[in-house]
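Each remark here refers to the structure printed beneath this line.
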Amino acid sequence: MKRKLDANNVPSPEDSAGKSITAHSFETLKLDPRLLQALTQQKFTKPTPIQAEAIPLALDGKDVLARAKTGSGKTAAYLLPVLQSILQQKRNTPAHKSISALILVPTRELAEQVHRTAISFSAFSGKHVRSVNLTQKVSDAVQRSLLADLPDIVVSTPARAVANVNSSALSLERLTHLVIDEADLVLSYGYEEDMQSLAKAVPRGVQTFLMSATFTSEVDTLKGLFCRNPVVLKLEEKEDEGAGISQFVVRRCAEDEKFLLTYVIFKLQLVKGKCIIFVGDVDRCYRLKLFLEQFGIRSCVLNSELPVNSRIHVVQEFNKGVYDIIIAVDDQEVLGELRKNSKKQPRKSDQCSRDSEYDGAQTSRNNDQYSSEDDAETQPSKRPKKSAKEKDYGISRGIDFQNVACVLNFDLPTTSKSYTHRIGRTGRAGKTGMALSFVIPSDQFGKHKPTSIPSAKHDEAMLSKIIKRQDKLGREVKPYHFDMKQVDAFRYRMSDALRAVTRVAVQEARAREIRQELVKSEKLKRHFEENPEELRQLRHDGELRAARVQAHLKHVPDYLMPTKGRGSLSIGTGADVGFVGFKKTHENVIRKAREKNKGRGRGGKAGRGGKRVDPLKSFNSGGKH
């Protein structure tokens, strides 16, 4: 039976609520006991709304097109049905061996995350389920041998999947499941031609999952390529993305004051817990790291220049609590989330500006998260061209950062949508979080050339759009006020540190970091499993030492500390530091020595405790006794 078309000429979704019962526990989903055991080990207590709705539909063999917020559990929503189907197939035909599932993701970091999740869910399945990540940096010969063994699950970016299909290394003849995670980003990352090639290679009748945080024109395109009458799930959760996040903004902040306030925040421990700092470009990433190193504040960087294994390892160690501060550059976001246009489309900057915003009228009416006013957000007039290295790198979307207490927008994002995804890194899984943003007023832009960035020119206009969007979502962006009289006491120390971080120092640190991470990446690839103790050598928050070292800046004198925070940074010091009383607390060393030597004459014996002799009584003029 044909379904009616809605206002956007899209078939209306089937009413799945009346046909499926929402699961309140994983046991009611009738999953394999081995999967339930793995879920218990991973401390999954009950399914999230997207899992409770999508898993029963997927187990019935239906195509699923789901929209849910970032961090809602979409990965488990498609992995569990895929693993259940594979285990069922293995039970029926134990000797069966084929590639059953192809999972496509836009970035290498997300591919590694999905691959590890699949391994953890199949931990109690023995060798029945095998997963391969095609984005790993291995030779073509090694990759061909892995695919020749016919793993059950293949995780890849579209470009790597197409390359292996064209070389006949990846066979999709017996494929039963196709998953496209973060579907709204796949085409915007420049994979349009790859997805069209895969649509021709994927056999008919394959069950398809499209998972997305938003419904855009890209999702509609992918639905037309791969889906057959999918069940559309639009979950309107009570706690939407950002609902548990306290949002603050410093409205009037000079360009060099960003560094001052960042120093004060971390040195005085105004923020407790792990923090992600978003900056505008790679140079500022290293400039801020070198600046914080002057004060003994350790941090690690995350950008597209680093080897993929190093980037993955940084995220993993951050989630384990090894690092507290990550300075991240989201290259896709900095470029305005430009879509890789086809060669037929013009490359003019104004056309790119129009194409970079793809919300508005193309979004369904039920998706009110993004308003039409944001379609024409201010963008820089010139944008650098996306490199192949940046194509498969992304931070603000998809990557699972755990237990992030604060997101610091050191440089304000270039779109209000990017702001929403940035602050979505904190306040996840029902927890609270904080987001703090620095805004450069127009009259302060360009006054401090060494720390100036072009995107800051539009900060005030972008802030108004951000506030407008957050107001529509029922959230408030509150002003954050610093006591500048107390902050100014640290200004001279900030100036000394900032002068030491020159452009040459930043370039040297950038090159040195890449060289170090290349070596570490080889160690990660070859010795990670064989020599776990070498993980201690692979710290990513070490000092780069490219700037002039000023040891005195690492310690804050007590007289600079605010009254409430005095003594909180130094361990073992009390409130009487620097106090001189009237009574001496230590014995006078000179007086003690005098008392000890009192009564010892020049003619006495050299030895201590000897008998005292009167020289007049012992004097003999004749020399004889």
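Cβ coordinates are placed from backbone N, Cα and C, and glycine is handled just like the others.
What you see is a predicted model, and the numbers here were worked out from it, not measured in a lab.
Feature annotation from Swiss-Prot assigns compositional bias 'Basic and acidic residues' to 347-357. The feature compositional bias 'Polar residues' is assigned by Swiss-Prot to 361-370. According to Swiss-Prot, the compositional bias 'Basic residues' annotation covers 599-610. Marked as domain 'Helicase ATP-binding' by Swiss-Prot: 55-233. Look at Swiss-Prot and you will find 260-485 tagged as domain 'Helicase C-terminal'. Summarising the annotation, Swiss-Prot assigns region 'Disordered' to 1-21, 339-393, 590-625. Residues or ranges marked as motif 'Q motif' in Swiss-Prot: 24-52. Under the heading motif 'DEAD box', Swiss-Prot lists 181-184.
According to DSSP, the motif 'DEAD box' (181-184) comprises 2 helix, 0 strand, 2 coil.
Over the domain 'Helicase C-terminal' (260-485) the predicted model carries a mean pLDDT of 74. Taken residue by residue, the motif 'Q motif' (24-52) breaks down under DSSP into 17 helix, 0 strand, 12 coil.
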